[in-house]
Amino acid sequence: MTQDEVLAEFRDAGALLHGHFILSSGLRSPVFLQKMFIFQDPVRTERLCRALAEKAEAAFGKIDYVVSPAVGGIVPGYETARQLGAKAVFVEREDGKFQLRRGFTIPEDAKVLMVEDIVTTGLSSRECLASIAEHTKNVVGAACLIDRSNGKADLGVKLVALCKLDIPAYPADALPPELAALPPVKPGSRAIQGVKG
Ligand SMILES: O=P(O)(O)OC[C@H]1O[C@H](OP(=O)(O)OP(=O)(O)O)[C@H](O)[C@@H]1O
Ligand SMILES: O=C(O)c1cc(=O)[nH]c(=O)[nH]1
Ligand SMILES: [Mg+2]
């Protein structure tokens, strides 16, 4: 799948939004990829995750377990795992920290891939990887549908992205005037101090 084909899936799903968005990292951006508009369509999700699974397997070899950060990572983690013939588990926040809950375990000898939906600063991915590291050292790498940092985010492991984009993101006190003129909205689930979600 080419970068243009991936972007066309987001465009066709109405998932490529323009406005003033408060991102999970607290940064502000004029563009937001509403991945849930992708994930509400199982056929579209399957197409994207099949391509991601192929790319991840080519980079990392056989994968036994996929671990994803809730909420956004759950659906692509599951579908990518299905394509890989792997198991899918997820970490979710408890007191703000990602934890493996619900009795999920990761076998010691399992080769683990971390699957994220979107990478912006890599913060959620790094937090997810830190949580996985409490259970296993056997992480082969990471994969995501879209890397908005265009390869700049450092996860500490190799990241395979189905599509790399260079989308601007600004600190709240350094907004360009056209962005500052729009009312900000915060679509994600991470709690940000001083911001109503
Ligand atoms: O690379 P980062 O700067 O961490 O940004 C990307 C993260 O932001 C979104 O999650 P969010 O915390 O908004 O919650 P969600 O998964 O529930 O949508 C997205 O799902 C990634 O996990
Ligand atoms: O950085 C984020 O929070 C983020 C960006 C984006 O485009 N989509 C998303 O779901 N989260
Ligand atoms: Mg997320």
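Quick reminder: no glycine exception, Cβ is built from N, Cα and C everywhere.
Quick caveat, the model's predicted, so the values are computed rather than measured.
Over in TrEMBL, the protein carries these features:
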DOMAIN    46-152  domain 'Phosphoribosyltransferase'
BINDING   GLU116, ASP117, ILE118, VAL119, THR120, THR121, GLY122, LEU123, SER124  5-phospho-alpha-D-ribose 1-diphosphate binding site
BINDING   THR120, ARG148  orotate binding site
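Annotated pair SER124 (5-phospho-alpha-D-ribose 1-diphosphate binding site) and ARG148 (orotate binding site), C-alpha to C-alpha distance, rounded: 13 Å.
Among the binding-site residues GLU116, ILE118, THR120, GLY122, SER124, the residues whose Cβ sits under 6 Å from any atom of ligand 2 are ILE118, THR120. For ARG148 (orotate binding site), the nearest neighbour among the listed binding-site residues (GLU116, ILE118, THR120, GLY122), judged by C-alpha distance, is THR120. Cβ packing within 10 Å was compared across the binding-site residues THR120, SER124, and the lowest neighbour count falls to THR120.
Among the binding-site residues ILE118, THR120, GLY122, ARG148, no residue has its Cβ under 6 Å from any atom of ligand 3. Taking the mean position of the Cβ atoms of GLU116, ASP117, ILE118, VAL119, THR120, THR121, GLY122, LEU123, SER124 as the 5-phospho-alpha-D-ribose 1-diphosphate site, the remaining same-chain residues with a Cβ inside 8 Å of that point are SER24, SER25, SER125, CYS144, ARG148, ALA153. DSSP classifies GLU116 (5-phospho-alpha-D-ribose 1-diphosphate binding site) as strand under the three-state reduction. Per DSSP, the domain 'Phosphoribosyltransferase' (46-152) is made up of 37 helix, 35 strand, 35 coil.
Residues within less than 8 Å, Cβ to Cβ, of GLU116 (5-phospho-alpha-D-ribose 1-diphosphate binding site) and separated from it by at least 6 positions along the same chain comprise SER68, PRO69, GLY72, GLY73, PRO76, SER124, SER125, CYS128, ALA142, ALA143, CYS144, LEU145.
Burial estimate for the binding-site residues (ILE118, GLY122): highest at ILE118, by number of other CB atoms within 10 Å. The Cβ of ARG148 (orotate binding site) has 25 neighbouring Cβ atoms from other residues within 10 Å, across all protein chains displayed. Summed and averaged per residue, pLDDT over the domain 'Phosphoribosyltransferase' (46-152) gives 97.
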